[in-house]
Amino acid sequence: MITLAPSLDTPKTDQNQVSDPQTSHVFKSKLPDIPISNHLPLHSYCFQNLSQFAHRPCLIVGPASKTFTYADTHLISSKIAAGLSNLGILKGDVVMILLQNSADFVFSFLAISMIGAVATTANPFYTAPEIFKQFTVSKAKLIITQAMYVDKLRNHDGAKLGEDFKVVTVDDPPENCLHFSVLSEANESDVPEVEIHPDDAVAMPFSSGTTGLPKGVILTHKSLTTSVAQQVDGENPNLYLTTEDVLLCVLPLFHIFSLNSVLLCALRAGSAVLLMQKFEIGTLLELIQRHRVSVAMVVPPLVLALAKNPMVADFDLSSIRLVLSGAAPLGKELEEALRNRMPQAVLGQGYGMTEAGPVLSMCLGFAKQPFQTKSGSCGTVVRNAELKVVDPETGRSLGYNQPGEICIRGQQIMKGYLNDEAATASTIDSEGWLHTGDVGYVDDDDEIFIVDRVKELIKYKGFQVPPAELEGLLVSHPSIADAAVVPQKDVAAGEVPVAFVVRSNGFDLTEEAVKEFIAKQVVFYKRLHKVYFVHAIPKSPSGKILRKDLRAKLETAATQTP
C-alpha cells in the first residue's frame, strides 16, 4: 500500500467569486464551468458512454494497424484487472508500467484503475539505477515490461527479480518472469469489487516539480477525471473530439501529456487512437495518410519535422484538422512555418505541469465553437479552475499584462508528492494554489503567455532534466570538486543540459571524460551536451547556485561566437 503525504483540500469557489484584496486578480476560462462526473473512478468515467461506440475502433497499433474496438479494450482491460488481482495486487498497491506505446500499455493502465491500484509509469529507456530509484520510492509490487528491458531489473541493490518483486513481460518471458497471458487470459468476471473513493490515487508519474530530484506525483481519480472533463466535456468542449476523429499518439504514454490529453481524452470522447512506439518521419507520415489522422498532439521537435522536412510534401496530410503542441514552448516562427504547411489545420498550444494534472491552459481555437486566438499564446485557463499570476518576491497577485509566477487552483491538481510533506507544502500553498515555477502573463483577451522559468528544470524535447540529479552524479566523481548544470537554448531540442565543473586539486579531467561518466548513468536525454571548466561555481551567501549568472555566461559566449 502506498502512503501519501498529507494533502491540502482545494477550496471551492463560486464562479464569480472575488477573493480578498491580496488575491483579487483571479482569471477564469471564457467557457462556463460545467458539471463534472469526478465522483466516478477514472476507468468508469472514461467508459461511461461505452454503449454508444462499443464497436468503433479504439486503438490502432502501429504499422501493422491491428485494431481493437472499444468493446475489445474494455474486455481485455477487465481480464487483466482480474489477472492482477489473482497475482495478489490489492487496492492501493503500486504497479510499474515500463513499456513503450502499445495496446498492452493501455490495457494495463485501465486494469490497474479497475482494481483500485496505482500505476507508476516509467521510461523503458531509463538506466537500471533510474528505474530502481522510481521502483524503490514508489514501492511497486510488480513491473509490466518487455523482455528486452529485463536485464536492467536483475539483482539491483539486492532486490531479487521473482522473489522480492514480480515481472510480467508482454512477449516471451526470460527466466523468473511471467508471461502477459497470466493477466490477459484471466476471467473478467473475477475482477474484485473494490470501493474506490475519488481521492484515492490512480497514477503516480514522477516529476522534479520546481526544484530538486524526481518525486512521485499523486494523481487521484478525481484529479484525472476533472482534467479530462475540463478538456473534452460540456456542450462547447475546449478540445472538441468526436467518434470520427483519429488521434495521433506518437508521444510516449509514460509522459502525462500523452496519457491524459491523447489517451484518456480520446477514450472519453469515443475517438480512435493511433499508437506509434517511436518517431520515425517516414512511418509517421504514411500512417497519418493511411488512417486519416485528424488530431495531432505534438511537441516542438515534432513540429519542426512536420514544418521543415521535405518528405512531408510527398504525403496527403489534409485530414489533420487540429495540431496541439505541448510539453514545451513553441516559437512563433516554427508555428508560422507549420501553418504554411498545413493551412487547413487549427494550430495552437496547451500548457501543463505534471503536478497540475497536467493541463492548466489550452487554445480555445480547438473548441466546438472556437474563439479567435493569438500566435505564441498557450491558450486560456481551463474551465472549472482558477489561475492567478503572482510576484515571486512578494506573493502579491498581479493584473493583466504583468509577468509573474503562474499559479493554478482546482480539483484537477495533484494530491501531493509521495512521502514529501515539505515539497508538497512548498508547491501547494495554504489556499490550495499550486505554484508552477513558470513566469508568464495574461493579456487583455485572457490569453496566457509563458516568458521565463523560476524553477530549475531543463526541458529537452519536452522531457524533464533535473539539474540536481546531474549535479549529484558529477560531484560523485573523484576528480570533480563542484558542479552546476543549467540549460542552453537549442533549435532542435528547445534546451540541452550543459555543465560547469570545478576540477579537484591536482586532477586532470577532460570534457569527454565528464560526458562519458554521466552518459553511462542516465537516459539519453539527460546526457551533457557541453562541459565548461571553471575555478568556482557562483553561489549565494546561503550556498544556493546562482544559475542566472551561469545562464548569462552562456548567452554572452553565444553572442561572441562567430
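Note: Cβ is positioned from N, Cα and C throughout, glycine not excepted.
Note that the coordinates shown come from a computational prediction; the quantities given were computed from them, not determined experimentally.
Database features (Swiss-Prot):
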- 1-22: region 'Disordered' (REGION)
- 13-22: compositional bias 'Polar residues' (COMPBIAS)
- S207, S208, G209, T210, T211, K215, Q349, G350, T354, D438, R453, K544: ATP binding site (BINDING)
- F257, S261, A327, Q349, G350, T354, M362, K455, K459: (E)-4-coumaroyl-AMP binding site (BINDING)
- K278, K461, G462: CoA binding site (BINDING)
- 280-349: region 'SBD1' (REGION)
- 350-417: region 'SBD2' (REGION)
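This view paints the features noted in Swiss-Prot onto the structure.
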residue: S207; record: ATP binding site; DSSP class: strand
residue: F257; record: (E)-4-coumaroyl-AMP binding site; DSSP class: helix
residue: K278; record: CoA binding site; DSSP class: coil
residue: A327; record: (E)-4-coumaroyl-AMP binding site; DSSP class: coil
residue: G350; record: (E)-4-coumaroyl-AMP binding site; DSSP class: strand
residue: M362; record: (E)-4-coumaroyl-AMP binding site; DSSP class: strand
residue: K459; record: (E)-4-coumaroyl-AMP binding site; DSSP class: strand
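For G462 (CoA binding site), the same-chain residues that are 6 or more apart in sequence and have a Cβ closer than 8 Å to its Cβ are L251, H255, F257, V299, P300, P301, G326, A327, A328, G494. Geometry remark: S207 (ATP binding site) versus K278 (CoA binding site), CA distance 22 Å. Taking the C-alpha positions, the distance from M362 ((E)-4-coumaroyl-AMP binding site) to Q349 (ATP binding site) comes to 6 Å. When the binding-site residues S207, G350, R453 are scored by other C-beta atoms within 10 Å, G350 scores highest. On the 0 to 100 pLDDT scale, the region 'SBD2' (350-417) averages 94 in this prediction.
A C-beta separation below 8 Å, combined with a sequence spacing of at least six in one chain, links T354 (ATP binding site) to P205, S207, V217, I256, M414. A gap of 16 Å separates the Cα atoms of K459 ((E)-4-coumaroyl-AMP binding site) and Q349 (ATP binding site). Spatially close to Q349 (ATP binding site) yet at least six residues away along the chain are L324, S325, G326, P329, L330, M362, C363, S377, C378, G379, judged by Cβ distances under 8 angstroms. Within 8 Å of the Cβ centroid of the CoA site, not counting the listed residues K278, K461, G462, the chain contributes L251, P252, F279, V299, P301, L302, F463, Y525. On its own chain, K461 (CoA binding site) has V299, P300, P301, A328, A492, A493, G494, Y525 as residues at least 6 apart in sequence with a Cβ closer than 8 Å to its own Cβ. The two recorded residues, K278 (CoA binding site) and G350 ((E)-4-coumaroyl-AMP binding site), have Cα atoms 22 Å apart.
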